[in-house]
Amino acid sequence: MKHSDFDIVVIGAGHAGAEAAHAAARMGMRTALVSLSERDIGVMSCNPAIGGLGKGHLVREIDALDGVMGRVADKAGIQFRLLNRRKGPAVQGPRAQADRKLYRLAMQEEMRNRPGLTIVEGEVTDFRMQGDRVAGVVLADGSEIASQAVILTSGTFLRGIIHIGDVSRPGGRMGDRPSVPLAERLDGFALPMGRLKTGTPPRLDGRTIDWSILERQDGDDDPVLFSFLSKGAYARQIACGITHTNAQTHEIIRKNLSRSAMYGGHIEGVGPRYCPSIEDKIVRFADKDSHQIFLEPEGLEDHTVYPNGISTSLPVDVQEDYVRSIRGLEQVEILQPGYAIEYDYVDPRALTSQLSLPNVPGLYLAGQINGTTGYEEAAAQGMVAGLNAATAILGHEPVPFSRANSYIGVMIDDLTTRGVAEPYRMFTSRAEFRLSLRADNADQRLTPLGLELGCVGDERRDVFARKAEKLATASALLDQSSFSPKEIATAGITISQDGNRRNGFAVLAFPDVRFDDLVPLIPELADTDAETRAQVERDALYANYIARQERDVEAMKRDEALVIPIDFNFSALDGLSNELKQKLTSARPENIAQAGRVEGMTPAALALILARLRRGDRARSA
């Protein structure tokens, strides 16, 4: 049996797969999204939350390009909080507690309603090949789907093994079988692969928790949503609870460390440093006598509670003992035990910045298969792969994500240049240009790019145009004004009486000056809405820093323009250490800027590469 032909086939309908398929379809591609079950599209396999520090920036950027995660999270959000609110706007991150069922249903609706996107139920066991090129997929029932490109978003399913204590069994996640035939097929491509692990905590019955003695955590009164299209929260808002481990909890865990899958030697994969298991916390932070736990309800009509902070691979009986030693959980019932899951991943240095494999034309990888952890990182990669697979088919240039224009660009560059030694997670600290890569201006940075690509719909175009007009009007009023220090002082604003005239934007850049303070000086600003006021304030706050940062951005762009040929032989370059030759060969940097970020790179080594490139240019032009 043969299915209809498609332009792009996406394998897997998790966060990466859904975003990849939707992006490809928005680009006009006939797209097939293959999932074991349509009901599994959009399942939140781990924590019931979207966003956070760095992660919230990724969701905003996905939304700016008309991706779906932000809209779906807003529809399913049952508690919204802006993290790092006390710090500067550049490092604040929106986060939402989500109703698992609402999220899954909203994502399925997005997939079903997208023109050009077809959902196919089945298991992919092999690739269709035309020579050395991937040209579609083969399903378990023997049927085939032909395509010009395939995007693999297998999550934790490639040779996945679930560990609970000393009991191990195959599984892609609890209740689902792993993908072994596809993993074996990837072996045939001789890709650099390894094993990683992640974990999840036991799920608790909220009806058996004593909420009355726990600290209550409410959401923000004025919730900050993800999508630039959303007007307000859709679902009823709820509170979460906070409790802590204690000395008794730690003693139970310490006594049973040898029974943990991780410490008992059953797991070879490396886990995420920034989301450690409770066993890891007890060992690595032995001086701490308590760890915070957030009790997060999984839905409005669901009694299940996710105890964020105690993921584990201890045996079930130990899980019951240590959980019931925690305040408020003395009588709790465990609905599903926590577990660790180990799975295959591909060294992302084998990928191009488009997330394609140079040695396997037609194949793109996105999500946890590339060594990342987290829904948001997966979704962002899915969109990158979907857009780039489409532009390649259309004969267009690759999508120019870079460290200067997006957190997406930072992540892709980190992965493809530096690789991973542990599951990669996004943080604001990874972005050197984070002052200009704020969550609030993601649309200003990326929606024009989306309009140029053709992946942005009419509604977003119109919303963006209205916002841009409001910002331009307010900015023009500020820029065109001019005030003496005395005039500024009469408005109650304290600045140096140095005799220098300043425009409104320069005044707004002073500490503690707010947009409202300038209304007496520029009455036309009185009609400016709250969102525009806040955005202009942030632009002014960082204006001087960003101006200085632009010099670094320009230097990076010059280095990015110095392209390194894909067949450049680093091993033949005298003067480089063998270690650096190996790292450069693995990373295959596409330009001098990327080469400079390879671990162990020195100015002298970079000069050698530049000299060889220039000799090659002269030889070609001779």
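For all residues, glycine too, the Cβ spot is worked out from N, Cα and C.
Residues annotated as FAD binding site in Swiss-Prot, with sequence analysis given as evidence: GLY12, ALA13, GLY14, HIS15, ALA16, GLY17, VAL124, SER179, GLN368. Following the DSSP three-state reduction, the secondary structure of ALA16 (FAD binding site) is helix.
Under the heading NAD(+) binding site, Swiss-Prot lists 271-285, citing sequence analysis as support. Following the DSSP three-state reduction, the secondary structure of VAL283 (NAD(+) binding site) is helix. Sequence-distant contacts (6 or more apart, same chain, Cβ under 8 Å) of VAL283 (NAD(+) binding site) comprise LEU257, TYR263.
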For GLY271 (NAD(+) binding site): intrachain residues, at least 6 apart, with Cβ closer than 8 Å: LEU196, LYS197, THR198, GLY199, MET262, SER277, ASP280, ALA340, GLU422, PRO423
In the chain carrying VAL124 (FAD binding site), residues 6 or more apart in sequence that have Cβ under 8 angstroms from it: ILE11, VAL34, VAL137, VAL138, LEU139, ALA140, SER179, LEU182
For GLY14 (FAD binding site), the one of ARG273, CYS275, GLU279, LYS281 that lies nearest, given that the binding-site residues are compared by Cα: CYS275
Rounded inter-Cα distance in Å - PHE285 (NAD(+) binding site), GLN368 (FAD binding site): 27
Nearest of the binding-site residues (GLY12, ALA16, GLN368) to ARG273 (NAD(+) binding site) - Cα to Cα: GLN368
Residue among the binding-site residues ARG273, LYS281 whose Cβ has the most other Cβ atoms within 10 Å: LYS281
Shortest C-alpha distance to GLU279 (NAD(+) binding site) - which of the binding-site residues GLY12, ALA16, GLN368: GLN368
CYS275 (NAD(+) binding site), number of other Cβ atoms within 10 Å: 18
